[in-house]
Amino acid sequence: MRIAIIGGTGVYDPKFLENPEEIKVSTPYGEVKLLKGIYQGEEVGFLARHGAGHTVPPHRINYKANMWALKSLGVERILSTTAVGSLKLNLVPGDLVILDQFIDFTKNRDHTFYNGDDGKVIHIDFTNPYCPELRNILYETSKEIGIKAHPFGTYVCTEGPRFETPAEIKMYSFFGDVVGMTNVPEVILARELEICYASVSLVTNYAAGISPNPLTHSEVLEVMTQNIEKVRKLFAAVIPKIPKERNCICKNALKEYREKGLL
């Protein structure tokens, strides 16, 4: 299995996969349930990060188990989806954003596989947090199939599960484009495992203080439901275009440490 999709809020069923089968993977961090199926002859995995029916809040997701499970199955490429609030007036509900940067405002999450417990510590480069190769395929494909997607976006990740205050949003809007609760530490852990990771955010609402109305989770789900077909269509078109050989920074993220015998 080379490719996996991680579905966020409102994305619990890949639908385009043939013969989907639930599998369980044991990891040092806990058991993970996911689906595997076939798309155009390619075995593809699908993991619902919030669990079936959105039963796991963002701050309780077992990110390390999820990423370890995908790595153990041989996954080299991950396409993820996230529901986000917009920090900019030009990013309207229903828009897709192909993320290129993130800012981490989480507080209580385990961000690394290398905590030093076994004497191993790494300091990984994050100049390009999201796989440039996958991002380019996503954007070029979106143009080919007529789906509007913003080619860049900075994701501000908060701890959750509450929505943000207008004061927080005012601060975040100075340096971010969208705000969500799940991309960190997922993107970090993927790089530590040398997995290519790209994320498409679907704008579901304007953030607090930008929107004149109070925010509700039902509003997020409603907009996600109305627009999720765009994400499915994009991923379905992208998967056959993902090359078997990787020509990106991700596959050698730990090369320096391996060469020095530190891993």
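Even glycines carry a Cβ here, placed using N, Cα and C.
Going by Swiss-Prot, these are the annotated features:
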type	residues	note
BINDING	T9, R49, H50, T82, A83, T182	phosphate binding site
BINDING	M181, N205, Y206, A207	substrate binding site
SITE	E164	site 'Important for substrate specificity'
SITE	H217	site 'Important for substrate specificity'
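In sequence order, the recorded positions near M181 (substrate binding site) (Cα within 10 Å of its Cα) are T82, A83, drawn from R49, H50, T82, A83, H217. Around M181 (substrate binding site), taking its Cβ as the centre, 26 other Cβ atoms fall within 10 Å, counting all chains. In terms of Cα spacing, the recorded positions R49, H50, T82, A83, E164, T182 that come within 10 Å of N205 (substrate binding site) are A83. The recorded positions listed here (T82, A83, E164, T182, H217) include E164 as those with a Cα within 10 A of the Cα of A207 (substrate binding site). Between the two most distant C-alpha atoms of the annotated substrate binders (M181, N205, Y206, A207) there are 15 Å.
DSSP assigns N205 (substrate binding site) to a strand in the three-state reduction. The two recorded residues, A83 (phosphate binding site) and H217 (site 'Important for substrate specificity'), show a Cα separation of 11 Å.
Within the set of binding-site residues (T82, T182, N205), the lowest number of other Cβ atoms found within 10 Å of a Cβ is recorded at N205. In the three-state DSSP assignment, the secondary structure recorded for H217 (site 'Important for substrate specificity') is helix. Nearest neighbour of H50 (phosphate binding site) by Cα distance, taken over the recorded positions E164, Y206, H217: H217. For the recorded site, T182 (phosphate binding site), the DSSP three-state label reads coil. Under the DSSP three-state reduction, T82 (phosphate binding site) is assigned to strand. Neighbour counts of Cβ atoms within 10 Å were taken for the recorded positions H50, Y206, A207, H217; the minimum is at H217.
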